[in-house]
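One structure below.
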Amino acid sequence: MDDNSQVVELNDDELARMRGEYGPEKDGCDDLDFHWLDVGWHVLLRRWMSDAQRAGVIEPNAMVLATVADGKPVSRSVLCKLLDESGVVFFTSYASEKGQQLAATPYASATFPWYELGRQAHVRGAVTKVSADETFEYWSKRPRGAQLGAWASQQSRPVGSRAELDAQLSEVTRRFADQDQIPVPPQWGGYRIAPDVVEFWQGRENRLHNRIRISNGRLDRLQP
């Protein structure tokens with residue numbers, strides 16, 4: 001265990017004063033406006049991901065996914081792997097906690113935070129599983145190590161130790177050693193969030209941020 005005895009922690013006053021400044025110089029763009037959405041929400045979202053990638057953001061396709069468990073929100077970070085006008089797609093184990101939560105309540109929200117650019121985007125809507133063909137197409141692009149990891153991990157279940165987890169990986173590595181193509185695990189696949197609400201947020205001076213929401217085909221500018 002690391003020795004953190006000499007680490008000086010933030011006090012409450014420092015925490016309260018901690019904030020960044022926003023403005024056009026942060027993202028290099030004019031104010032977000034309705035005409036930005038003329039290309040479609042999915043095109044603008046992809047453009048903002050591309051801007052984040054050029055700015056050196058680590059994993060610009062990362063999003064905070066929120067699901068519901070017994071009426072209580074649960075969130076975690078996942079990666080967007082497909083994006084088009086039909087929705088935002090991520091992949092996971094259907095047997096995971098989020099998979100079970102989506103089976104019970106097939107509705108979710110996802111927020112893409114790009115702090116370096118002072119931007120974020122938010123989508124929320126009904127969730128469905130993607131087709132087996134879509135899952136296979138993405139699975140075939142995953143590194144072999146990631147494929148083996150998906151077989152080895154019984155996601156969200158307790159494990160006795162790191163050594164036990166490593167042993168599970170060793171076992172599946174041996175099992176598939178002679179196979180060039182590793183099959184998709186039966187409990188693994190993609191989910192698509194089909195948004196009924198999309199919001200784009202752009203930080204501006206004095207906390208008077210730009211917010212534009214698309215809901216049921218209607219565009220609204222929201223107060224920050």
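Just so it is clear, glycine is given a Cβ too, placed from its N, Cα and C backbone atoms.
Feature annotation from TrEMBL assigns FMN binding site to ARG76, SER77, VAL78, LEU79, CYS80, LYS81, PHE91, THR92, LYS98, GLN120, GLN155, SER156, TRP201, ARG211. Annotation for PHE91 (FMN binding site): same-chain Cβ neighbours under 8 Å, separated by at least 6 residues, are LYS81, THR135, TYR138, TRP139, TRP188, GLY189, GLY190, TYR191. In the three-state DSSP classification, PHE91 (FMN binding site) falls within a strand.
Annotation comment: TrEMBL describes LYS81, TYR138, ARG142, ARG207, LEU208, HIS209 as substrate binding site.
Look at TrEMBL and you will find 50-173 tagged as domain 'Pyridoxamine 5'-phosphate oxidase N-terminal'.
Look at TrEMBL and you will find 188-216 tagged as domain 'Pyridoxine 5'-phosphate oxidase dimerisation C-terminal'. Taken together, the residues in the domain 'Pyridoxine 5'-phosphate oxidase dimerisation C-terminal' (188-216) have a mean pLDDT of 96 on the 0 to 100 scale.
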Seminar exercise, completed: Least Cβ-packed of the binding-site residues TYR138, TRP201 (other Cβ atoms within 10 Å) is TYR138
Problem set entry | Where HIS209 (substrate binding site) falls in three-state DSSP terms | coil
Problem set entry | Pairwise Cα distance for GLN155 (FMN binding site)/LEU208 (substrate binding site) [Å, integer] | 41
